[in-house]
Amino acid sequence: MRAVFIQGAEEHPAAFCYQVNGSCPRTVHTLGIQLVIYLACAAGMLIIVLGNLFVAFAVSYFKALHTPTNFLLLSLALADMFLGLLVLPLSTIRSVESCWFFGDFLCRLHTYLDPLFCLTSIFHLCFISIDRHCAICDPLLYPSKFTVRVALRYILAGWGVPAAYTSLFLYTDVVETRLSQWLEEMPCVGSCQLLLNKFWGWLNFPLFFVPCLIMISLYVKIFVVATRQAQQITTLSKNLAGAAKHDRKAAKTLGIAVGIYLLCWLPFTIDTMVDSLLHFITPPLVFDIFIWFAYFNSACNPIIYVFSYQWFRKALKLTLSQKVFSPQTRTVDLYQE
């Protein structure tokens with residue numbers, strides 16, 4: 001995999017990004033279409049940044065939210081927020097203008113940060129599924145099994161593995177020496193796109209489907225446990241009935257998360273594998289649509305995992321009412337009905 005950029009090329013005023021042989025053709029949109037696309041992308045980035053920023057703030061500020069599960073949510077929110085802040089602005093301009101105007105250094109940096117934040121988000125979704133599975137299917141041992149230290153290990157793995165993987169395919173000599181074998185297969189030069197040969201294209205497959213299979217299998221088990229509890233709810237005490245209701249809600253939330261995860265990432269992952277075999281035949285517009293579908297998952301995460309919980313609504317209300325500036329607010333029990 002390699003980010004390709006021709007530095008020092010002059011921009012062609014009509015049909016090409018740069019005045020060199022093999023330069024990317026520039027798609028010229030009308031001003032109205034450009035405005036619509038920019039506004040849509042800006043709205044998406046705003047949701048991603050503000051939604052995840054508030055998740056990070058709420059978990060950090062309110063002491064009642066300092067739990068292993070919420071620390072995973074905090075780390076997930078940071079990954080998605082950084083994606084919206086550092087990656088998507090440049091991706092928006094590249095998608096609308098169909099050209100890269102920011103030089104070789106930013107091309108490399110953007111190419112590194114994009115998969116880093118996306119993979120980190122995917123890994124955290126998988127770890128949150130594991131956490132919810134332990135909490136629902138093994139509630140008695142959960143407090144001792146999933147501690148803050150365990151959560152921090154998951155967070156370290158969730159950032160460390162994607163960082164190592166992304167560094168491997170961008171900055172190792174192995175990739176550089178094999179680049180000449182398939183560099184000519186790239187669609188054009190000067191586009192700052194990730195180019196995947198067959199090996200890297202198919203390596204992306206388990207990075208998507210392994211977390212997906214883990215989440216699906218855990219969801220099925222959680223759903224079975226929650227359904228069994230619902231059938232026995234008439235014989236349960238009030239407290240246990242409340243716990244069963246909470247478990248069913250967790251199962252529903254996880255099911256929605258898995259479904260949206262598949263919807264957002266499946267088109268891009270399949271296209272990446274197929275494209276590496278068929279000499280990069282995917283039109284740039286179609287590729288942009290697929291990758292923005294994947295980006296959209298980062299906007300859904302705070303809605304799926306947090307907006308449906310009462311503690312988040314209470315935290316949001318306290319913040320908007322400016323009561324958050326009171327010293328006593330930090331110790332408020334957000335879980336109290």
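Each residue, glycine too, has its Cβ placed from N, Cα and C.
Feature list (source: Swiss-Prot):
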DISULFID  CYS24-CYS188  disulfide bond
DISULFID  CYS99-CYS192  disulfide bond
CARBOHYD  ASN21  N-linked glycosylation site
REGION    176-189  region 'Extracellular Loop 2 (ECL2)'
TOPO_DOM  1-34  topological domain 'Extracellular'
TOPO_DOM  56-70  topological domain 'Cytoplasmic'
TOPO_DOM  92-109  topological domain 'Extracellular'
TOPO_DOM  131-154  topological domain 'Cytoplasmic'
TOPO_DOM  176-204  topological domain 'Extracellular'
TOPO_DOM  226-253  topological domain 'Cytoplasmic'
TOPO_DOM  275-284  topological domain 'Extracellular'
TOPO_DOM  308-337  topological domain 'Cytoplasmic'
TRANSMEM  35-55  transmembrane segment
TRANSMEM  71-91  transmembrane segment
TRANSMEM  110-130  transmembrane segment
TRANSMEM  155-175  transmembrane segment
TRANSMEM  205-225  transmembrane segment
TRANSMEM  254-274  transmembrane segment
TRANSMEM  285-307  transmembrane segment
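Residues of the topological domain 'Cytoplasmic' (308-337) grouped by DSSP class, helix first, strand second and coil last, total 19 helix, 0 strand, 11 coil. Counting in whole angstrom, CYS192 (disulfide bond) lies 10 from CYS24 (disulfide bond) by their C-alpha atoms.
Around CYS99 (disulfide bond), a 10 Å sphere centred on its CB holds 21 further CB atoms from the protein chains shown. Summarised by DSSP class, the composition of the topological domain 'Extracellular' (92-109) is 13 helix, 0 strand, 5 coil. In this chain, the transmembrane segment (71-91) lies in contact with the transmembrane segment (285-307); the count of Cβ pairs under 8 Å, excluding pairs fewer than 6 apart in sequence, is at least 3. Of the recorded ranges 35-55, 205-225, 254-274, the transmembrane segment (71-91) has the largest number of C-beta contacts under 8 angstroms with 35-55. With DSSP classes pooled into helix, strand and coil, the tally for the topological domain 'Cytoplasmic' (131-154) is 18 helix, 0 strand, 6 coil. Averaged across the topological domain 'Extracellular' (92-109), the predicted model reaches a pLDDT of 84.
Counting every protein chain shown, the number of other Cβ atoms lying within 10 Å of the Cβ of CYS24 (disulfide bond) is 23.
DSSP states for the topological domain 'Cytoplasmic' (56-70), grouped as helix (H, G, I), strand (E, B) and coil, give 12 helix, 0 strand, 3 coil. Counted within 10 Å of its Cβ, the other Cβ atoms near CYS192 (disulfide bond) come to 24, all protein chains included.
Residue pair CYS99 (disulfide bond) / CYS24 (disulfide bond) shows a Cα separation of 7 Å.
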